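**Student:** Once you've had a glance at the structure underneath, I'll fire off some questions.
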């Protein structure tokens, strides 16, 4: 491994042209894409081709090697950036949700680490019981792999928490390092796909796969405990990888090159330093200015706070249908026709309400703001949003197909309710994404009085998405009862595999859109406040 001083020399000090930096980023992106394609083909071959399906050591070994490389690169970049300080960092674009995202990243990361620890405990239990191994030293290799996962995840949490508010200046180490880390997260998701196909017997039952499913790891008491909490753990693992990738892309200067003025006031810019604040004379002076501002407008702030509480309460009332559905699914054991019909109607009502709220946001945004030609380019957050939107629409499409093809014609009302629900669901997903993507074009306030400021609607949308994220996270446990038509049409094992692979992306979509809409809420709230102050 190269010495630290040699690696330090790879970080440029403002002497690399923008074109060269962009070319380096393109090169590293191409290499990462090619490597991802190769790894994907390896996973597909050793997961589906007859005669080779079930060769789990190949898939696990590939994931372990990439995790080891990603962990080493994470710590190397962390040390190099820490040593160089300002020479390898630049100010990044404003993100008022960065602390919330970091808190959830730590939550997901701790669950990820605990999952690896539970898997290590299962392997140790198998060693103590002299359990069956696929090959000599299988359990020892598995323990080492989970140890590497813990090291990788702890490094990711520390590095991202330290520098998530900044851009990393482009260099060979940064470009190829971040590309490798992103590739590692992608392959870890592929591993989830392979594991789901194998455990649900959706790949060929070769001697290798039968031997793998019959070994000690899948049959101990600790494994049964892990399966009891699996519906909560598995989506969290995917959410952690997606959130970590979004942070890494945000920190990659080769990806986000455009500086734009912040739509938020500089006096409340407390999001620059993640998690831990640092005091300085400048921030102290800003704090005094802000205190004076707050004293001057305390009454107006109290009124605004009251309106925010009303918006949250409205969102909770609108979410009552979906909350009722989940409570019913948890309490009812006999899923009769009337229960299924009432559940479908209630979900249709909720999707219709959400559709109306999104249309209202579009209407008020066009009425209160002038649409301008935006020169802002796509950033990492937008790319992750589009990716998650595609996953959410794909998951809804599974339900739409099931509703259209459901063969129990004696109860056609159930299919009709599901089709209507999925149509509204796809429409809401699409429109909400467009609402977020078009926001940079709406910055200039129209000089007119309005009954409902648009930021209040965004506050309602933010609360709804947070509630839906929590509900969807819980629904993994009762997905069979809430989505009974899909489970009946596809079969329990097939539908479980779809939920294992695609459903976590839908859950993360709710989280990601909640953060983006919160940013829009803060942007429009500040704009409305400035307009009110200018008119008084």
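Every residue, even glycine, has its Cβ placed from backbone N, Cα and C.
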**Student:** Of the ranges 25-46, 135-156, which one does TrEMBL list as transmembrane segment?
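**Tutor:** It is 25-46 that TrEMBL annotates as transmembrane segment.
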**Student:** Looking at 283-307, 308-332, 483-507, which one is transmembrane segment according to TrEMBL?
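**Tutor:** Residues 308-332 are the ones TrEMBL records as transmembrane segment.
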**Student:** Give the range, chosen from 260-280, 344-364, that TrEMBL lists as transmembrane segment.
**Tutor:** 344-364
**Student:** When you scan the chain for residues with a C-beta under 8 Å from the transmembrane segment (102-122), skipping those not six or more beyond its ends, what do you find?
**Tutor:** 142-143, 146-147, 149-150, 153-154, 156-157, 160-161, 164, 217, 220, 222-223, 225-226, 233, 236-237, 239-240, 243-244, 247, 274-275, 511
**Student:** Between the transmembrane segment (308-332) and the transmembrane segment (58-81), are there three or more C-beta pairs closer than 8 Å, counting only pairs 6 or more apart along the chain?
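**Tutor:** No, these stretches are not in contact.
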**Student:** Can you tell me which parts of the same chain pack against the transmembrane segment (58-81), counting only residues 6+ beyond its ends and a CB-CB cutoff under 8 A?
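**Tutor:** Residues 4, 7-8, 10-11, 39, 42-43, 46-47, 88-89, 141-142, 144-145, 148-149, 151-152, 155-156, 158-159, 162-163, 168, 173-174, 177-178, 180-181, 183-185, 187-188, 190-191, 194 contact the transmembrane segment (58-81) from elsewhere in the chain.
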**Student:** Near the transmembrane segment (344-364), which same-chain residues lie under 8 Å Cβ to Cβ, leaving out any that are not at least 6 residues past its ends?
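**Tutor:** Hits for the transmembrane segment (344-364): 318-319, 321-322, 324-325, 413-414, 417-418, 420-421, 424-425, 427-428, 431-432, 435, 450, 452-454, 457-458, 460-461, 464.
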